[in-house]
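*Asks:* What Swiss-Prot records for this protein is below:
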type	residues	note
DOMAIN	5-253	domain 'ABC transporter'
BINDING	37, 38, 39, 40, 41, 42, 43, 44	ATP binding site
């Protein structure tokens with residue numbers, strides 16, 4: 001099975017606090033993987049390293065690859081990082097869309113990487129590109145909002161627009177950081193259904209950080225759980241039982257309660 005993401009010996013320190021400890025991880029083509037863990041466990045930090053938004057410590061042997069290309073090595077971004085980013089769609093808790101633009105215009109932004117520079121300066125997109133953008137919006141159930149300003153949409157609708165933009169980008173990997181954290185249950189379900197649909201039907205590899213364990217168990221076949229910057233569990237969601245849940249979350253809560261009491 002093709003390895004899409006490879007992480008070796010990744011460490012990260014913030015203000016003398018070790019957020020990640022020599023993390024090693026392989027993610028394969030077509031997987032939908034949930035990153036779980038308590039607040040401060042390092043799951044969002046790990047995801048941001050995969051995207052090249054932040055760099056790790058300058059540790060010997062640390063290395064991140066995405067689609068066979070180096071993202072960063074020993075604390076330095078690869079010179080051709082843009083080539084990795086061109087194949088990666090990003091979805092964040094804070095909706096990273098342009099509020100003053102329409103839904104369709106936001107989705108067309110996904111085509112910028114494959115559009116000649118002079119066209120991007122004037123936002124000149126071809127008829128074929130606009131048709132593909134409408135098809136992407138149809139996939140996520142948002143085509144009827146195509147000419148509406150993004151700022152008028154609900155949180156769940158904005159997340160679906162972000163997914164449509166990743167489809168427009170023809171991303172091979174989607175990295176989603178807490179995409180349902182601020183959504184109501186019905187909107188969260190729709191967003192997760194959409195991610196699973198493109199994973200299963202388009203073969204797009206999806207890595208998603210979640211606080212909601214029930215969504216991880218329902219939608220993701222594999223769980224990678226982090227605890228205090230270490231990989232605590234990496235395996236099937238079916239084997240992530242109550243005992244592992246207790247060790248991952250409740251023991252951390254007891255440590256925090258004891259610290260407050262002291």
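Quick reminder: no glycine exception, Cβ is built from N, Cα and C everywhere.
Computed from a predicted structure; not experimentally measured.
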*Asks:* Averaged across the domain 'ABC transporter' (5-253), what pLDDT does the model get? Just tell me the whole number, please.
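*Replies:* On average, pLDDT over the domain 'ABC transporter' (5-253) sits at 90.
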*Asks:* Rank the binding-site residues 39, 41, 44 by the number of other Cβ atoms within 10 Å of each Cβ and report the first-ranked residue.
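*Replies:* Comparing the binding-site residues 39, 41, 44, the most crowded Cβ belongs to 41.
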*Asks:* Among the binding-site residues 38, 42, which residue has the largest number of other Cβ atoms within 10 Å of its own Cβ?
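*Replies:* Checking each of 38, 42, the winner is 42.
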*Asks:* Around the recorded ATP site, report the further residues of that chain (criterion: Cβ within 8 Å of the mean position of the Cβ atoms of 37, 38, 39, 40, 41, 42, 43, 44; site residues excluded), sequence-ordered.
*Replies:* 45, 226
*Asks:* Name the residues of the same chain, 6+ apart in sequence, whose Cβ is under 8 Å from the Cβ of residue 43 (ATP binding site)?
*Replies:* 35, 36, 37, 209, 226
*Asks:* Which is it, of 37, 40: the one of these binding-site residues whose Cβ has the most other Cβ atoms within 10 Å?
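*Replies:* Buried the deepest by this measure is 37.
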